[in-house]
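Positions annotated as transmembrane segment by TrEMBL: A:14-36, A:67-84, A:96-119, A:131-153, A:165-188, A:208-230, A:251-279, A:291-312, A:324-343.
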Amino acid sequence: MSANAPAIGQPSRWILPAALALVLISFVAAVFLGIVDIPARDVLSALTGTGSTEARSIILDIRLPRIVTGILAGMQFALAGLLLQTITRNPLADPSLMGVSQGATLTVTLFLLFTVYLANPDSYSVNELPIAWLPPAGMIGGMAAGGIIYLLAFRLDLSPLRITLCGIAIGAVLHAIAIGLIAGWGSARIEIILEWLSGSLYARTWDHALFLLPFTVAGLGMLPLIYRPLNLLRFDAAVARSFGLSYRRQFSLVLLVSCALAASAVGAVGPIVFVGLIVPHLARFLAGRHFPLVLPLTIVLGAVIVTLGDLVGRLAGGPEEVPIGVVTALMGVPVMLALLRRVP
Amino acid sequence: MPLTCSHLSVSYGRRRALSGFSLSMEKGEIRALIGPNGSGKSTALQALAGLIASSEGRAEIEGVSVASMSRRAIAKKLAFLPQQPVAPDEMTVAQLVRQGRFPHVGLFRSYGRKDEEAIAWALESTGLTGLAGRTLQELSGGERQRAWISAALAQEAAILLLDEPTSFLDIGYQVEVLDLVHRLSRERGVTIVMAIHDINQAIAVSDRISLLEKGELRFDGAPKALSESGLVEKTFRVKGTFVEVAPGKPPHFDVELTKLNRSGP
């Protein structure tokens with residue numbers, strides 16, 4: 001930007017490279033550290049395809065897939081949150097505003113309920129549950145909830161306030177139904193739901209990473225297309241339209257991208273939606289007036305926060321690891337409060 | 001003709017905000033829309049800008065119906081500055097003004113020399129070149145208003161619609177904005193329609209005036225004819241007289257402040 005000379009003391013040059021370096025560091029740390037102590041040399045040989053079968057299995061089949069899944073999900077949650085906060089002009093927006101996590105919770109609950117009773121009425125058959133189908137089931141629910149809220153708000157002209165109010169109302173209903181089902185269900189299978197609900201990277205496989213990858217790629221691929229409209233969607237509708245933006249079309253497109261990113265991520269790792277709330281704030285704080293930095297910083301920090309959060313959860317909990325959703329919420333709240341102190 | 005509308009009517013639900021409004025602008029003309037609060041000035045401007053749909057009649061830019069044009073096509077020809085627009089606090093003046101080039105660059109084309117020149121001109125015309133790197137939060141009310149005008153100028157549209165551009169500005173900036181409006185019209189041939197509250201400013205700066213009351217057009221003509229019509233006093237329910245300040249200059253409306261009694265201590 002030629003007309004926008006960088007102010008002195010603004011960390012605009014080094015902040016993105018620093019954040020990228022942080023991704024690499026957290027990735028390496030997450031690969032090398034874990035509850036099973038594997039010497040660094042064995043980790044390296046496992047990565048190159050040699051070494052003991054046990055080390056190879058832990059690194060290649062357990063740690064790497066969960067790290068990659070976490071990175072993809074983190075980027076998706078953070079990006080979804082930024083898009084939603086930007087277009088609704090609501091700093092407290094996260095993917096649950098569009099009912100994505102509540103809708104996903106409901107369909108995952110329904111899915112488990114029905115498959116269990118259709119397949120096997122024995123209430124202790126946890127291992128036979130079709131867990132591989134949870135990501136698509138959750139994603140469909142998330143998208144459906146987002147779609148319902150969109151249609152309700154669309155009828156009422158898509159004002160950000162309407163979207164927020166519709167989102168809260170629909171989200172609350174879906175959540176209540178899901179909790180009601182879970183409460184009335186009461187059996188060993190509840191553990192699967194609870195683990196999924198808290199947002200977890202436990203036992204995530206390459207299948208989860210592969211499930212997410214197309215959404216991550218498509219979401220990032222959409223960015224050049226929505227980048228300029230996103231700038232204009234920060235204004236209210238009258239101003240954005242006066243500047244030549246087809247407000248309705250572009251708003252809907254960005255909303256769709258946001259919901260698809262969030263719903264697929266929720267399906268794969270459960271509602272770690274706090275990442276979507278907190279990371280954009282962190283990115284905005286670091287970028288200051290350099291708005292063009294906010295978008296890349298959000299994506300990169302989303303990967304970092306989830307990777308580090310999961311590592312902390314793995315190391316802190318011992319064999320009974322602390323779910324990533326709990327870690328991000330506990331770590332995120334102080335960050336959020338500190339950032340909010342800047343808001344008048 | 002750059003901008004016309006005929007028998008334009010707009011309703012919000014059951015309330016009719018504008019009925020049968022007609023306007024026809026010459027190139028480079030300055031038109032003031034005056035009228036009491038709620039008389040339909042903003043509604044008329046928004047309907048002209050194609051931001052709200054009309055129930056009857058239509059607005060046309062160079063003979064083409066505004067309703068049939070895309071937002072980008074409209075924005076290339078017409079810039080509209082709403083009343084008290086809102087932007088994110090952390091946005092800088094330069095970033096705001098750059099958005100004015102969106103109709104020209106679209107989704108993908110990078111900013112060329114012509115765009116940078118337009119931005120530089122827009123900043124300079126509003127005296128903001130030195131403040132380009134400031135965030136809007138750091139500006140005074142007058143500077144912020146000028147930043148918005150600057151963004152509208154960066155569109156390089158031949159038609160400029162301004163909704164109360166001088167409200168909330170001190171008298172110095174008010175004069176500056178009116179002076180800028182005058183220069184745009186006379187030097188660049190920009191056609192300008194603005195809603196404005198100050199009757200004397202409307203009379204001083206505009207070529208023609210439209211007076212609205214309860215959504216209906218009460219007067220359309222030259223400032224001098226308006227001053228002789230007695231409509232201003234009637235519409236605004238005030239007493240006052242139009243005083244000739246100097247020969248050949250527009251008259252000055254001197255309003256009587258009857259409710260005030262300043263004789264006693």
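Here the Cβ of each residue, glycine as well, is placed from N, Cα and C on the backbone.
The stretches the transmembrane segment (A:251-279) and the transmembrane segment (A:131-153) meet in space: the count of Cβ pairs below 8 angstroms, excluding pairs fewer than 6 apart in sequence, reaches at least three.
The transmembrane segment (A:291-312) makes no contact with the transmembrane segment (A:131-153), as judged by fewer than three Cβ pairs under 8 Å among residues 6 or more apart in sequence.
Sequence-remote contacts of a segment are chain residues at least 6 beyond its ends whose Cβ falls under 8 Å from one of its Cβ atoms, and for the transmembrane segment (A:131-153) they are 95, 98-108, 110-112, 115, 159, 162-163, 166-167, 170-171, 174, 192, 196, 207-208, 211, 252, 255, 259-260, 262-264, 266-268, 270. Same-chain residues lying 6 or more positions outside the transmembrane segment (A:165-188) and placing a CB less than 8 Å from one of its CB atoms are 96-99, 101-103, 105-106, 109-110, 113, 123-124, 126, 145, 148-149, 152-153, 156.
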